[in-house]
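Asks: The Ca(2+) binding site annotation in TrEMBL covers 21, 23, 32. The transmembrane segment feature in TrEMBL is assigned to 33-54, 66-87, 133-153, 174-192, 207-226. Per TrEMBL, Zn(2+) binding site is recorded for 80, 206, 210.
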């Protein structure tokens, strides 16, 4: 198919960001092929997380965490497949909503005024969505997201040092390792894009960012589920699915008559 015809299926690019991947090289329906399909592992991992959370009776907040991971991955697929501004925002806005939910899960056990935190989070998330739609944040969005993420780190570290289970601590280490490795892929993809476009094989750093962040989100959720199960006295332990994928197995005490 002629390249001009392929590139015209979704119309002109309207997104404010384009990544280091040539457009419409594999399909007339997918602008950035590798950046699109690299979200599939995140969707599958989120589905596994939802099934485990529901099957074992975890609180709904953990199903919501995995569901937001899935929504975020789907939004990212739509953005990279179309490079349209509306789908770019369907990727970026859920990122903020998701980090707000993480903040709620992390801090709510010690929050004495139970209704104030979720009310504030909902209003904050809704306000951001409206402002982002009209003002189309660029660098401000990235700085804002990094700032919210940094607010989660002190409580994550507190949970880590309070956890004695070695398998659970290993999941926390995998969370940090995948985050650092994904960040390196993202930075290299952005910084060396002009050079990489001339290489025979593009290493697709942003696609690897998607894959690694899919695992990163799964590890974060799994570690938090373990910590919450400990708080509730559900005797959690770490098991392996398919021989390699960790998940939390709990044993709730029987209710006394």
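Glycine residues also receive a Cβ, built from the backbone N, Cα and C atoms like all the rest.
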Asks: Give the sequence-ordered list of residues that share a chain with residue 32 (Ca(2+) binding site), lie 6 or more positions from it, and have CB atoms under 8 Å from its CB.
Replies: 19, 21, 23, 80, 81, 83
Asks: So around the Ca(2+) site, 21, 23, 32 aside, which residues have their CB within 8 A of the centroid of those CB atoms?
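Replies: Near the Ca(2+) site, the remaining chain residues are 18, 19, 22, 24, 25, 31, 33, 34, 35, 80, 83.
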Asks: Quick one, of the binding-site residues 80, 206, 210, which Cβ has the fewest other Cβ within 10 Å?
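Replies: Minimum Cβ neighbour count within 10 Å, taken over the binding-site residues 80, 206, 210, occurs at 206.
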Asks: Is it true that the transmembrane segment (207-226) and the transmembrane segment (133-153) have 3 or more CB pairs under 8 Å, sequence gap of 6 or more?
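Replies: With fewer than 3 qualifying Cβ pairs, these stretches do not touch.
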Asks: Cβ neighbours within 10 Å, counted over all protein chains: which one of the binding-site residues 21, 23 has the most?
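Replies: In terms of Cβ crowding, the pick is 21.
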Asks: Cβ under 8 Å to the transmembrane segment (174-192), counting only same-chain residues 6 or more beyond its ends: which ones?
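Replies: Residues 19-20, 203-206, 208-209, 212-213, 215-216, 219-220, 223 contact the transmembrane segment (174-192) from elsewhere in the chain.
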Asks: Taking 8 Å from the centroid of the Cβ atoms of 80, 206, 210 as the cut-off, which other residues in that chain fall inside it around the Zn(2+) site?
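Replies: Leaving out the recorded residues gives 19, 21, 32, 34, 35, 36, 38, 39, 76, 207, 209.
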